[in-house]
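The oxalate binding site annotation in TrEMBL covers N104, H109, E114. Look at TrEMBL and you will find H107, H109, E114, H155 tagged as Mn(2+) binding site. For C30-C45, the entry in TrEMBL reads disulfide bond. The domain 'Cupin type-1' annotation in TrEMBL covers 59-209. According to TrEMBL, the feature signal peptide maps to 1-20.
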Amino acid sequence: MMSRILIFGVLLATCSIAFASDPSPLQDFCVADANSPVLVNGVVCKDAKLVKADDFLFRGLHVMGNTSNDVGSNVTAVTVAELAGLNTLGISLARIDFAPGGINPPHTHPRATEVLTVIEGSLLVGFVTSNPDNRLFTKMLEKGDVFVFPQGLIHFQKNVGYGHALAIAGLSSQNPGVITIANAVFGSNPDIAEDILAKAFQVDIKVVRQIQSKF
Ligand SMILES: *[C@@H]1O[C@H](CO)[C@@H](O)[C@H](O)[C@H]1NC(C)=O
Ligand SMILES: *[C@@H]1O[C@H](CO)[C@@H](O)[C@H](O)[C@H]1NC(C)=O
């Protein structure tokens, strides 16, 4: 009886690990073959005999993103789409540039936890827990500080310094995905019906139309 409970416990623990992140690799590497018509969970492997060092290389993360946009930030992602060698390895990277006052607006990564470090400047960061508490955890970060945003939770960053700010983020998926809340809710294609948004946000339909027009 005891051992059966133990086995069940081990099985449960194994399952929760398996579902909490990208699946583990079944070979040394599986460089993404972007040209394969075969659809799998991830990307099909390129023939290992044809793999070259370049398949594990991405150049250009030293280049600042253009922050001249409505939010004043720019994310340069290095996921499996930019670096084929990341396929099946369960990690990716991003460079985030901020103009003074710029924000990386509230968003979630459906498939990844994010660990962010400030390289330059000062960032106000935060994330919100799930219902019913919706607790906000927020912190001021300076150069060298590291903050973690748990998988799936809504989070944001703001440059509160006088100059440009720069952060590097590691993510626990080759393809973390991004859902920017404002764009997804007010800029979906096609629109979510305005009466639904008016009731959800407890505002007049005119306010909903005004926000929708921005996305
Ligand atoms: C981010 O910067 C790159 C490189 O300057 C630029 O091509 C891209 O349009 C920018 N993205 C946004 C959302 O401004
Ligand atoms: C940055 O993006 C803005 C808006 O798209 C554009 O006008 C400007 O030329 C870009 N700057 C650089 C250095 O590419």
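Cβ coordinates come from backbone N, Cα and C, glycine included.
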Neighbours of N104, H109, E114 excl. site residues, C-beta within 8 Å of centre, oxalate: A94, H107, T108, A112, L116, F149, H155, A169, L171, P176, V178
Assigned conformation of C30 (disulfide bond) - DSSP reduced to three states: coil
Mean predicted confidence [pLDDT] for the domain 'Cupin type-1' (59-209): 98
Residues within 8 Å of the H107, H109, E114, H155 Cβ centre (excluding the Mn(2+) site residues themselves): T108, A112, F127, F149, L153, I154, P176, V178
Fewest Cβ neighbours within 10 Å, where candidates are the binding-site residues H107, H109, H155: H107
Cα-Cα distance linking E114 (oxalate binding site) and C45 (disulfide bond), given in Å to the nearest integer: 26
List of residues, in chain order, with Cβ under 8 A from that of C30 (disulfide bond) and at least 6 apart: G42, V43, C45, K46, N87, T88
